[in-house]
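Per TrEMBL, the features are:
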- 87-223: domain 'PARG helical' (DOMAIN)
- 242-505: domain 'PARG catalytic Macro' (DOMAIN)
- ASP272: active site (ACT_SITE)
- ASN275, GLN289, TYR330: substrate binding site (BINDING)
- GLU290: active site (ACT_SITE)
- GLU291: active site (ACT_SITE)
Amino acid sequence: MEEREDLRSILPYLPLVLRSSSLFWPSQVVEALKALSRGPDHSKVDSGELLFLAISDIRHSLTLTLSAESLASSAADGYALFFDDLMSRAESAKWFGEVVPALANLLLRLPLLLETHYQNADELINGGRDGVKTGLRLLDSQEPGIVFLSQELTGALLACSFFCLFPITDRGAKHLPTINFDHLFASLYDMYNEKQENKIKCIIHYFERICSCLPLGVVSFERKVLPLECIPFHVCYPKANIWSKSIISLCRLEVYRSGLIENQPNEALEVDFANKYIGGGALHRGCVQEEIRFMISPELIAGMLFLPSMADNEAVEIVGTERFSNYTGYASSFRFAGDYVDKREVDYMGRRKTRIIAMDAICSPGKRQYGLECLLRREINKAFCGFFDQSKCQQYLRLFQDDGFCRAQLDQDVKVSSNNFLFSEVPTTHFATNEGILEDQRIRNFKEKSTQCLDHQDEIGIATGNWGCGAFGGDPELKAIIQWLAASQALRPFISYYTFGVEALLTLDQVSQWICSHKWTVGDLWNMLVEYSSQRLTGETRLGFFNWLLPSLSSCDTTMVDTMHRP
């Protein structure tokens with residue numbers, strides 16, 4: 001065990017001790033957890049106040065570093081408020097009589113769960129023949145990789161978060177987000193509001209569910225990276241000429257004025273409007289799209305343990321999380337609405353076919369969002385990073401060897417040998433990606449170009465909405481078009497767009513139909529977006545992109561005309 005690089009990378013952030021090739025809890029911690037596992041008659045822990053005292057005692061029994069670390073000052077008050085005042089007597093009796101003992105038992109099994117995890121990690125993919133690493137480790141910035149966790153191990157890690165057992169001293173230096181729950185409970189006491197109480201209710205419900213029936217599936221977390229410098233047999237960070245010269249057809253755009261991304265019925269990557277620190281304010285006071293997703297599917301929180309903040313050329317894809325809670329409302333009106341039974345199918349590795357892509361937009365971009373620096377080097381390439389599957393790179397490049405995209409890619413210094421290197425001779429390389437490992441290597445046949453927007457039901461599309469808008473301040477029309485372009489360039493068959501009732505997007509379906517009817521390519525639409533953004537930046541226009549492109553829309557004329565701006 002001591003020789004494992006993956007374990008060595010994450011060990012400073014775990015509360016366990018490694019000695020003689022074994023992971024274990026200190027003996028005092030074992031005794032404290034055993035006492036809790038026997039129930040309140042033995043442990044005397046039957047209230048939030050006493051629970052936090054037990055948590056503090058366990059922390060002091062761990063390493064000197066952890067015992068010296070202070071938790072949020074109001075954490076004790078928050079635990080007491082929730083479990084002693086806000087929870088009913090019947091719920092409290094069940095929590096302390098059944099759930100806390102079960103969580104203590106789960107924590108006692110954590111060392112064995114981790115050892116079993118590492119024993120199997122090297123052979124999880126194709127019997128280990130491809131050398132794909134899947135073990136729990138720090139997935140550091142600019143290092144693409146994937147981690148597979150059983151739902152049982154994930155539950156044990158989240159129990160550590162609830163008991164505030166993870167070391168925190170060095171997390172800031174590694175740009176890691178909050179992982180313990182002390183701030184979640186402290187925020188409840190410091191500035192009480194119902195949405196914070198209901199966030200905690202979702203977490204408590206998750207623990208109640210897994211303690212009554214332990215889930216047996218698998219969850220994977222993948223850091224996706226678009227290389228900034230060209231690497232052979234990779235699709236790299238696109239420059240402007242790749243977008244302007246692209247002849248890829250635009251994918252199908254489906255517009256939904258109501259509904260939620262997490263309820264979409266298709267095989268699709270569901271976009272998490274993320275903070276660069278994954279999870280955002282989930283364990284603090286945040287309660288918008290990302291934080292709500294983390295509350296109703298708490299297994300997402302496990303990624304906050306080992307995923308440092310995302311750079312401009314990175315995104316995080318998570319597959320297999322189970323949803324446990326229903327909810328109503330948004331932000332201050334968010335409310336826990338009872339149990340949710342997740343009926344999504346599972347793949348052959350035991351992962352639910354729920355695919356989430358976390359990608360962060362620029363916050364408060366103002367007028368600079370119309371500049372090429374933001375438009376290209378940040379937003380569209382960030383979305384492309386999230387939407388593209390690097391395992392399909394070889395097929396991607398081979399497919400376009402005669403097209404403008406490929407020539408533009410070669411302009412990025414991808415070296416071709418003097419004997420006119422053929423893409424068909426590219427050696428087979430195994431990419432450790434969620435789709436590359438588990439999905440068939442299917443790709444659109446652009447050599448038989450359609451005269452309409454492409455429709456490929458057998459591939460995984462994109463489900464998204466107003467990414468980078470709302471609290472982040474982005475232009476909804478701009479962001480909608482950026483995501484459509486990125487999904488198309490990434491060879492996705494469709495993009496399902498949920499407008500959440502935003503007025504600026506009322507004509508999105510009309511605009512997209514007009515664009516598709518004129519057979520625009522990615523390059524055509526990109527060039528129009530650049531022209532518009534330039535005029536918006538210089539003040540030549542104050543119109544939204546849709547009305548600028550089709551002025552008839554502003555006069556309520558819904559007729560599709562072709563006499564306006566053309567590429």
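Glycine is no exception: its Cβ is also placed from the backbone N, Cα and C atoms.
Positions of TrEMBL features highlighted on the structure.
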| residue | record | Cβ contacts under 8 Å, 6 or more apart |
| --- | --- | --- |
| ASP272 | active site | GLN289, GLU290, ARG293, ILE356, ILE357, ALA358, MET359 |
| ASN275 | substrate binding site | GLY281, GLU290, ASP360 |
| GLU291 | active site | LYS199, GLY279, GLY280, GLY281, ALA282 |
| TYR330 | substrate binding site | CYS287, VAL288, ILE292 |
Confidence summary for the domain 'PARG catalytic Macro' (242-505), mean pLDDT rounded: 83
What span in Å does the substrate site cover, taken as the longest CA to CA distance among ASN275, GLN289, TYR330? 17
Taking DSSP H, G, I as helix and E, B as strand, the domain 'PARG helical' (87-223) contains 75 helix, 12 strand, 50 coil
